[in-house]
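Annotated features in TrEMBL:
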- 489: active site, proton donor/acceptor (ACT_SITE)
- 125-149: disulfide bond (DISULFID)
- 41-163: domain 'FZ' (DOMAIN)
- 190-519: domain 'Peptidase M14' (DOMAIN)
- 1-18: signal peptide (SIGNAL)
């Protein structure tokens, strides 16, 4: 509807650029000076500013005819340009308001002096257009023609006025009223719609373009962007030895606090970096941070609409955000729980953990997985996780106050609550402890726990010991990549009231910053050949931890480790094996540097490759294009319905066995 209205308005404005027709002025309007029937009415004349939507301008007199050809205020108020200004606030969901309105009024009703027009400044128009371009793009609307910066605005040399000068002065006055003790970064602690979220992230990236940019990793079921904002001293590229971390929020659409917290964090990082905050500058200059504020924007849309309905005083049910807390909007638009939709690699790990022939890190995705229902959000996040060398991650949820860590799936299928540690139990436990201890209340013994008993473990727990489930994102991160991910449950209320947003920010800000800083521990290094060339895909193993990490594109690696003595071994196919003994003291405040140089050696055939051949490899991702094929509408060209999945489809999907190629070719 909004798109249709904007198209209508734009077509009207374009169609009305001809010379305005003669109008008969009502005697009452002529008496008030709003128009004139006299022959000299076309002569530019200063008059009182009497345009209802523009009466708050910083001046009281304007000129007619104006630059758009309107001969009077009645003529201007009846024009499509004025109509567009009256609805632009709603069209843009409040974005760029009142800047756009003030800019439009400066053209419709420019100030005058001695019957001469004073045009608005082109530099102001250019700045607003740059800042608001994303808001117009989000509703597929062109920039209004009557705000053409070159056509209707003047340069500083020609003499012009800034229509936003008063607004800027008021904003500066408001900021100066804050006491020195208050934070220098000003954040508006309110909920943001999906459109507002996209606009805010894009504006933040534009404000800090030297350290930030936004990119999309895909689209949701209903076509909404999965937008990521990145912070780094060189955004858009991986730097040698710079660790990469990610924050993922709103995986369940009705768990919204994490979404707001990371949006605030993006604003905070940008603003504090520019203000010279040394801690923030160090974090951004040494770390590449990726923030996905909403993994499930479709679910959020439903959850937010339910909250709005329940807060409506006209409705009898007044439960508000509490009514929505546990169900509405949790799943995506396909009714899939995204945190149960990832490949179940944990079962594969348990089946093969005692076999020396089976690699227990970087476990491939079974081909059979692709014959199930894969959500586009899951697909996009998996591609994202595989494309960057993430070291650690936090997934932000709601419903309790605790940090859980892998494994989330019990090592015994019949046990709903069973301690199920990974080989990196101590490292993951320390990672969880970092967040919980830095949180204002999470590790306190006297904190209410939504009916659970996590105060005994000071706010952390092994996921499967809490409750077991398969197909989770944290287990997938651990078993398919180098990345160690924790799950942060931020509180009992999944959709807290707006009044709680600022207190929650205060409770979680330090925990989020401490989590980012914690990636700089353990060891890092580069694995090269004798010529100094980085070796991609080399492995680094730690004695006693049956989980290897692999090197990135240029041979760099990161291995999170707790303090102590460790024996590291680096190797790669076709290269020698080199081991080193490393001591990490408790006082170490940054990752230790351990490099390896490997010599080329003849490749000897491995008998295990013949005895235990594997069809699945790590590189195989959606190998039969099943996701793309069945993610499209079930209609072929000519309107013929696509054939439904064959009878054997569900068997292989549920059994975890890959179907033979001859059967796949029959589809």
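Placed from the backbone N, Cα and C atoms, the Cβ positions cover glycine too.
No curator has checked TrEMBL annotations; they are predicted automatically.
Close to residue 489 (active site, proton donor/acceptor) in the fold, though at least 6 residues off in sequence, lie 397, 398, 399, 400, 401, 402, 403, 404, each with a CB less than 8 Å from its CB. The Cβ of residue 125 (disulfide bond) lies under 8 Å from the Cβ of 103, 147, 149, 153, each on the same chain and at least six residues away in sequence. Residue 149 (disulfide bond) is surrounded by 18 other CB atoms, counting those within 10 A of its CB over all protein chains shown. Taking the domain 'FZ' (41-163) as a whole, pLDDT averages 86 in the prediction. Residues in the domain 'FZ' (41-163) partition by DSSP class (helix H, G, I; strand E, B; coil) as 56 helix, 17 strand, 50 coil.
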